[in-house]
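**Q** What follows is a single structure, and I will ask about it in a moment.
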Amino acid sequence: MTSCVAEEPVKKIAIFGGTHGNELTGVFLVTHWLKNGTEIQRKGLEVKPFITNPRAVEKCARYIDCDLNRVFNLENLSKELSEDLPYEVRRAQEINHLFGPKNSDNSYDVVFDLHNTTSNMGCTLILEDSRNDFLIQMFHYIKTSLAPLPCYVYLIEHPSLKYSTTRSIAKYPVGIEVGPQPQGVLRADILDQMRRMIKHALDFIHHFNEGKEFPPCAIEVYKIMEKVDYPRNESGEVAAVIHPNLQDQDWKPLHPGDPVFVSLDGKIITLGGDCTVYPVFVNEAAYYEKKEAFAKTTKLTLNAKSIHSTLH
């Protein structure tokens, strides 16, 4: 007999747009839902759309002082409020007050944080905890509902890479990343895909709350291994660019010896090591400042137990 996990019903949900002010799909959808939220309402659920970084949205910039999606650690959230604090740290404290506090019983149950990438990643769900049956079940439901459109799961669990994301204040944090889309641009196809991902996610929560039992399931995920920087010269400037064979090949296998970078004089740099990896965030515009040309991932399968709501 397979064990079944009983989870509390989900009551409070937030949908964040504009965590990065130049990733316009989330900004556009959340702004629309603030005026007319009919399509995101579900019986018995409180669903709150919210613009997380309004000053960055106004400027159509990723951030004002620092990356809002990297400051939600307890150190920043507990800093004494002062004018010297970066805008995003002050904003993080406001968001934590409204939707948290992080790691408390009062925090929102689910936060969907809407993002765009300039990389060719299609529909991507970002998972922070490989042992979370509820989220694995949700992601399985979304993937199945979107098929045949592919939907990838990026697992960012790592011993030393700590993200401190905006959504991490919730009990169940969900990153939604759809691309490719340039910064400051809206594409109808990307808009439609993100909208569908949110619809299926809310449907899943609604079914769960209504008492539907979800049988055990398994999903394929891509787990972060390490981030790879661009080759640089002595001055620290980028000395080679992503090789054409790697460009737009997110989620595709990359083998040792495959070309990764090419310099202006035609020198090709290949993948070292002895294992096949799966690159993501290939040539992401926002990651030049983070010194990240792409991230290497490894493919694995996560299993979830059967789940149902404690109400039933």
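Every residue, even glycine, has its Cβ placed from backbone N, Cα and C.
TrEMBL labels come from automatic prediction, so no person has curated them.
This is the feature table in TrEMBL:
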- 10-205: domain 'Succinylglutamate desuccinylase/Aspartoacylase catalytic' (DOMAIN)
- H20, E23, H115: Zn(2+) binding site (BINDING)
- R62, E177, Y287: N-acetyl-L-aspartate binding site (BINDING)
- N69, R70, Y163, S164, T165, T166, R167: substrate binding site (BINDING)
- E177: active site, proton donor/acceptor (ACT_SITE)
- 218-298: domain 'AstE/AspA barrel-sandwich hybrid' (DOMAIN)
**Q** Could you tell me which of these binding-site residues, N69, T165, T166, has the greatest number of Cβ atoms within 10 Å of its own Cβ?
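**A** Top count of Cβ atoms within 10 Å goes to T166.
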**Q** Measuring Cα to Cα, tell me the gap between E177 (N-acetyl-L-aspartate binding site) and T166 (substrate binding site) in whole angstrom.
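**A** If we compare the Cα positions of E177 (N-acetyl-L-aspartate binding site) and T166 (substrate binding site), the gap is 14 Å.
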**Q** Far apart in sequence but close in space: which same-chain residues, 6 or more away, have a Cβ under 8 Å from R167 (substrate binding site)?
**A** F16, V111, F112, D113, P173, V174, G175
**Q** For the binding-site residues R62, R70, H115, which one has the sparsest Cβ surroundings, going by other Cβ atoms within 10 Å?
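**A** So among R62, R70, H115, the binding-site residues given, the one with the fewest Cβ atoms within 10 Å is R70.
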**Q** I'd like the Cβ neighbour count for E23 (Zn(2+) binding site), meaning other Cβ atoms within 10 Å of its Cβ, all protein chains included.
**A** 28
**Q** Any idea what the Cα distance is from E23 (Zn(2+) binding site) over to Y287 (N-acetyl-L-aspartate binding site), rounded to a whole Å?
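**A** So the Cα of Y287 (N-acetyl-L-aspartate binding site) lies 14 Å away from that of E23 (Zn(2+) binding site).
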**Q** Among the binding-site residues H20, S164, E177, Y287, whose Cβ has the fewest other Cβ atoms within 10 Å?
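**A** So among H20, S164, E177, Y287, the binding-site residues given, the one with the fewest Cβ atoms within 10 Å is S164.
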**Q** Averaged over the whole of the domain 'Succinylglutamate desuccinylase/Aspartoacylase catalytic' (10-205), what is the pLDDT?
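**A** Here the predicted model's pLDDT, averaged over the domain 'Succinylglutamate desuccinylase/Aspartoacylase catalytic' (10-205), is 94.
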**Q** Based on Cα distances to N69 (substrate binding site), point out the closest of the binding-site residues H20, R62, H115, Y287.
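**A** Closest recorded candidate to N69 (substrate binding site) by Cα: H20.
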**Q** Do me a favour and check the Cα-Cα span between T165 (substrate binding site) and Y287 (N-acetyl-L-aspartate binding site); whole Å is fine.
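**A** One finds 16 Å between the Cα atoms of these residues.
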**Q** Find the shortest Cα-Cα separation between H115 (Zn(2+) binding site) and the binding-site residues S164, T166, Y287, and name the residue that gives it.
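**A** Nearest listed residue in space: T166.
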**Q** For N-acetyl-L-aspartate, what surrounds R62, E177, Y287 with a Cβ no more than 8 Å from their Cβ centroid?
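**A** Same chain, not in R62, E177, Y287, Cβ within 8 Å: H20, E23, H115, N116, T117, T118, F281, E284, A285, A286.
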**Q** At the Cα level, what's the spacing in Å between R62 (N-acetyl-L-aspartate binding site) and H20 (Zn(2+) binding site), rounded?
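**A** Between the Cα atoms of R62 (N-acetyl-L-aspartate binding site) and H20 (Zn(2+) binding site), the distance comes to 4 Å.
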